[in-house]
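Engineer: Below are the features listed in TrEMBL for this protein:
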type	residues	note
BINDING	A:HIS60, A:HIS62, A:HIS140, A:ASP210	Zn(2+) 1 binding site
BINDING	A:ASP64, A:HIS65, A:ASP210, A:HIS268	Zn(2+) 2 binding site
ACT_SITE	A:ASP64	active site, proton acceptor
Protein chains: 2
Amino acid sequence: MNLTILGCHSATPRTSAHPTAQVLEMRGHLFLIDCGEGTQVQLRKLKVKFSRIRNIFISHLHGDHFFGLVGLISTFRLLGREVDLHIYGPEGIKEAIVLQLKLGNSWTNYNLIFHELSSKSPETLFEDEKVSVETIPLDHRVYTNGFLFREKPGERKLNLDAAVKSRIDNSYFSKAKQGHDIENRDGVLIKNETVTHPPDPPVSYAYCSDTAYLPKIVDQIKGVTVLYHESTFLESHQHLAEATKHSTAKEAAVIAKKAEAGTLILGHYSGRYKDLEDFRREAQNVFDNVELSEDGKTFKF
Amino acid sequence: MNLTILGCHSATPRTSAHPTAQVLEMRGHLFLIDCGEGTQVQLRKLKVKFSRIRNIFISHLHGDHFFGLVGLISTFRLLGREVDLHIYGPEGIKEAIVLQLKLGNSWTNYNLIFHELSSKSPETLFEDEKVSVETIPLDHRVYTNGFLFREKPGERKLNLDAAVKSRIDNSYFSKAKQGHDIENRDGVLIKNETVTHPPDPPVSYAYCSDTAYLPKIVDQIKGVTVLYHESTFLESHQHLAEATKHSTAKEAAVIAKKAEAGTLILGHYSGRYKDLEDFRREAQNVFDNVELSEDGKTFKF
């Protein structure tokens, strides 16, 4: 699982502070999460093969998470895209995009499929044999969802030495990886555990932005490998966090601790702070494994 | 008159190719012309005091001229703008902007005043004692206007030596600059021309993008000081220019020549060309005084 931060700042785009957008690579999928203004240029700058994106998840319709979407959709058209593009986001997203394409008489020549969200309970948006994606309903000034990306357990790994030693024919290797016991060349049934190792544990990623401190999400994201949780403010501006329905670094860390997350990534910083290490320090008083998102940074898990 | 090119490329924004936007400074006004994605970041990067912008002119509703507008409007709100902002653009522009502000529950706390255009004849959009702005109806795939910015003649310039010699009292100097004949200290009427020089000739700027070759604009822009005319293509791609209702560098030069413009600035280049000097060379076969627009470049006239 690779997570590339295209932008991790709140409010207005600035010369060296991009609004929110992330690319998550998981089991061959390339998911785009949020799409602030300038996202398409960040994708180019970071050399992401963005034609591979087939699913875009928009948390909410504030500009710093959404204003780059119509431009990206238009660019896909200009680049001759043919494959379907699925957009998941709050009700109204379709009207906003379609109106702008209509005004420019710039309809896409690929299928643009909107999945408009309005539920206040978690729902599964995407599922195949490798991955599932569900909403994490959040608490912000407008209707907002986070997203929980989960790998499904993969195949077991063949222990080639053991398989040869156990006289298992090559043609049964895939069956062994699927977890079955196998009859060997001598007609003896070999226990699966003898010739395979367990698969890598499936990883998961919870994206929670933007939101006020919301402990009720903990059950849903329990044990998540990586939690991205917004931390627009430090605790010294707790009153601003409450007024604007954002979180502090400390609150993000409390959620990570309660959820027993593997790693916490902070982001969506307010522009008022000079030293982002202050976010890490504040969070680490509560939870050890804290990373800071940075525009252009890739995390590998 | 200062013209700053924020972006001068067509179609999709790329790492070092910004879509169309310009800032024109004329007699104390700061006019924004078109607003492709990323315009607000260019304004910051080039240190334009963009809070001074009170009038934004949008030629047409293709993304490369328009997708940055909603973000700029939102940023003005976040920066605490209080003064009115006037937006001039094709019918539909209000609905597109207002819908997005509504979805984000992000109404501006300043007045946002839309002037929606649909006329196919030139009309005056803005006028005060110093400057006027009128539309130049163009021919593109969607409803499009260029804009003609004209200074009004300024005051005459006082010839101080002559005024003193003619025994004119200081208190009449403003009246002299306004062009009146003046009675001197001895009761003698002094001809205005004796004590003043003519004002600087007023300058004008015609912005023509996007458009097919359209000779009928020549009468309207006759004698313009500076003509910005799109040249998306070179003559070798004339067929593409025709198919997409754009112009070639040669066609832009023919318009400049017929209009007896002072200077021609080319721009809105297609991304297919490596050496932009080819545009200058092609245009200079027809018209001498050719400049190439470049992202970040300021022209002073």
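Placed from the backbone N, Cα and C atoms, the Cβ positions cover glycine too.
No curator has checked TrEMBL annotations; they are predicted automatically.
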Engineer: Write down the Cα-Cα distance for A:ASP64 (Zn(2+) 2 binding site) and A:HIS140 (Zn(2+) 1 binding site), rounded and given in Å.
Structural biologist: 14
Engineer: Determine the Cβ neighbour count for A:HIS140 (Zn(2+) 1 binding site): the number of other Cβ atoms within 10 Å of its Cβ.
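Structural biologist: 20, counting other Cβ atoms within 10 Å of A:HIS140 (Zn(2+) 1 binding site).
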Engineer: At a 10 Å cut-off from the C-beta of A:HIS62 (Zn(2+) 1 binding site), count the other C-beta atoms across all protein chains.
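Structural biologist: Here the count is 25.
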Engineer: If I restrict to non-local contacts, at least six residues apart, and a C-beta distance under 8 angstroms, what lies near A:ASP64 (Zn(2+) 2 binding site) in its own chain?
Structural biologist: A:HIS9, A:SER10, A:ALA11, A:THR12, A:PRO13, A:PRO19, A:THR20, A:GLY36, A:GLU37
Engineer: Name the secondary structure element type, per DSSP in three states, that contains A:HIS62 (Zn(2+) 1 binding site).
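Structural biologist: DSSP assigns A:HIS62 (Zn(2+) 1 binding site) to coil.
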Engineer: Please report the distance from the Cα of A:HIS62 (Zn(2+) 1 binding site) to the Cα of A:HIS268 (Zn(2+) 2 binding site), rounded to the nearest angstrom.
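Structural biologist: Rounded to the nearest whole number, the Cα-Cα distance is 13 Å.
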Engineer: Measure from each Cβ of the binding-site residues A:HIS62, A:HIS65, A:HIS140, A:ASP210 to the Cβ atoms of chain B, and list in sequence order the residues where some distance is under 8 Å, or 'none'.
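Structural biologist: Near chain B, the qualifying binding-site residues are A:HIS62.
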Engineer: Would you list the other residues of this chain near Zn(2+) 2 - those whose C-beta lies within 8 angstroms of the C-beta centroid of A:ASP64, A:HIS65, A:ASP210, A:HIS268 - in sequence order?
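Structural biologist: For the Zn(2+) 2 site the neighbour list reads A:SER10, A:PRO19, A:THR20, A:ASP34, A:GLY36, A:SER59, A:HIS60, A:HIS62, A:SER209, A:GLU230.
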Engineer: Cβ distance under 8 Å to A:HIS65 (Zn(2+) 2 binding site), same chain, sequence separation 6 or more: which residues?
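Structural biologist: Listed in sequence order, they are A:PRO19, A:THR20, A:ALA21, A:ASP34, A:CYS35, A:GLY36, A:ILE58, A:SER59, A:SER209, A:ASP210.
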Engineer: What count of other C-beta atoms do you get within 10 angstroms of the C-beta of A:ASP210 (Zn(2+) 1 binding site), across all chains shown?
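Structural biologist: The answer is 26 other Cβ atoms.
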Engineer: Going by DSSP, give the three-state secondary structure for A:HIS268 (Zn(2+) 2 binding site).
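Structural biologist: In the DSSP reduction, A:HIS268 (Zn(2+) 2 binding site) maps to coil.
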Engineer: Show which residues of the chain containing A:HIS268 (Zn(2+) 2 binding site), separated from it by at least 6 in sequence, have their CB under 8 Å from its CB.
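Structural biologist: Counting only residues 6 or more apart in sequence, the Cβ neighbours of A:HIS268 (Zn(2+) 2 binding site) under 8 Å are A:CYS8, A:HIS9, A:SER10, A:THR20, A:SER209, A:ASP210, A:GLU230, A:SER231, A:THR232, A:HIS246.
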Engineer: So how many other Cβ atoms are close to A:HIS60 (Zn(2+) 1 binding site), meaning within 10 Å of its Cβ?
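Structural biologist: For A:HIS60 (Zn(2+) 1 binding site), the 10 Å Cβ neighbour count is 26.
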